[in-house]
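Presented below is the structure to which this report refers.
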Amino acid sequence: MRLFSHLAVLAILACAVPITAIPSFLSNSYPAHPAEGISLFPQTQPQAPLGLWTRLRNTVIERLWRVPPQLCKNRPGHKGKFPLFSAPASLRARYGDDVVLRFTIRNAEEVKALAEASNILFLDVWASTDEWVDIRLSKDVVPSLLGLLPKSLQTSHIPLIHDLPQTIYESYPSSSQRSSYDVQGFSPSTKHSSDKTNIFFQDYQPFSVIVPWMRLLTSMFSSHVQMINIGSTFEGRDIPALQIGVWPANNPKPRKTVVVSGGSHAREWISVSTVNYVAYSLITNYAKSKHVAELLQQFDFIFIPTLNPDGYIYTWEVDRIWRKNRQDTSLPFCPGVDLDRTWGFKWDGNITADNPCSESYPGEDPFAGIEAKQFSQWAKNQTAQNNTEFVAFIDLHSYSQQIRYPYSYSCQPDPPNLENLEELAIGIAKAIRLTNRETYEVSSACEGLMASQAKVKSDDPFPRIERTGGSALDWFYHDLNVKYSYQIKLRDRGSYGFLLPRENIVPTGQEMFNAVMVLGRFLSGHDGFGPLDWEDESQRPKADEDDIPSENELDENDDSWIPYDYRNHDDQNEGEGYDNDEWGFRRRRKR
């Protein structure tokens, strides 16, 4: 049976063109008729004749799924104009004419059709919410995809990224910035650094820079920082982490510990930078902020910039959009396991275990992903042998700006401490919004990965676009009994997707630093969320004077730009500012 599955995968791959992704800077829109869909992406010259495999693929789709021929074949006579590309030829060769489309979903039939078509064509689903789904694919595949979808979806989509190679090219650090790094070096200061001085967060950093930076922090702040190793990767690299806290001597009680992890999916660079930013902010503010000092005296914080160093390095050196780790699978040309689908709790790999080419491939068995297994063993050893009590787990991802709590595998049953999970999640969302005005939606993880029929007043959920069993979120919550476990999807909402510009690194880091402060104050029991120390420059949003409205421009009820003091929270009406202030909180529809 396994051999038959592999042969089936090989046959389908032989009939499919390589699938890449969508970037865009064009202002085109799809025509109303689905047969004209491909003309959305204009060209400077007539298209070259279709290759043998592309024509074979189109023929297979036409025959098996009865797709009209005009939807499966490019029209070589079509002419248009293409913008000039500055991306290197190597990027153009790898990503070709890949695009990212956003489909608006309205009912269960549309979701099911989109999920089935994505599986048939081996498409890369970038993100999904209860309103839309972003899919990366080659322009050659667009007609085939539309032909597999109902008519309602053939016209309810827009292009998000038209030119993936160019967008990828612009996401890498510029040569001028790299030269400035070589001259100035990375020197954390005991005083709060300006953006110009703290150049580490002016751009994304490769793994070869992150590790020495972590060592430097450890040597400079040895009183409250240690560098530890979580385990080893498939390719033999260490998985480094920073342990931050003030360890009391001869304390028999278990040490309460918060884990913040990023980079499980290699292409989500903003999660790596954000973990580093939050760690750096706690480290450098220990001697300046009494609230930070209190937290580090009560809790240990473990910051893991990337659980997937092999994959992260691969995104820098080979494929910027790579998602999985780099371990071998049963198919030599389809390496990698999805490190957020391979955990042991409610692992549902029986559905996708025979397809190593899937972006969500969970491996052949629970904990088949080496890095996830190493992480779980480290966590168990900490609780069993090192007097550690894990009280919170935050798993940073991108994108879509969502705060998700358990469970991911299913919306039934509810987690036992649902109300507390929701309360803290709302507080985190509020802290984020009051930092830089960004809105994060709060929901259970199962709802965040499917569409809901709230708009049509039904309690029945839509089918899922992606399988969600075997997540780190559920494992930490259920198997390790970490009561406050969250998965946070960072910026943005799809304009750039995984290729978020470097200008978002510091603002996103500020938002998550304040989120961690709220988490810590909540766990400390300081009157709910406790006060945020807005006197610390690291917690205040850095807005230009032109961005701050004058008094006559401010609505007396609009405090979104003003640093929020949680000490005054009890003076407000209970619940004020949550649902009424449109913070994106969606309560569970079924209790």
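Cβ from N, Cα, C; glycine included.
The candidate list His397, His478, His526 contains one residue that Swiss-Prot assigns to the Zn(2+) site with His265, Glu268, namely His397. Note on Arg323 (substrate binding site): other Cβ atoms within 10 Å of its Cβ, all shown chains, come to 23. DSSP assigns His265 (substrate binding site) to coil in the three-state reduction, outside any helix or strand. Taking a C-beta cut-off of under 8 angstroms and a sequence separation of 6 or more, His265 (substrate binding site) has the following same-chain neighbours: Ser271, Asn308, Gly311, Arg323, Lys324, Asp338, Leu339, Asp340, His397. Sparsest Cβ environment among the binding-site residues Arg267, Arg341 (other Cβ atoms counted within 10 Å): Arg267.
If you take the C-beta of Tyr399 (substrate binding site) and look for same-chain residues 6 or more apart in sequence within under 8 angstroms, you find Trp126, Ala127, Glu268, Ile270, Lys489, Leu490, Arg491, Asp492, Arg493, Gly494, Tyr496, Gly497, Phe498, Leu500.
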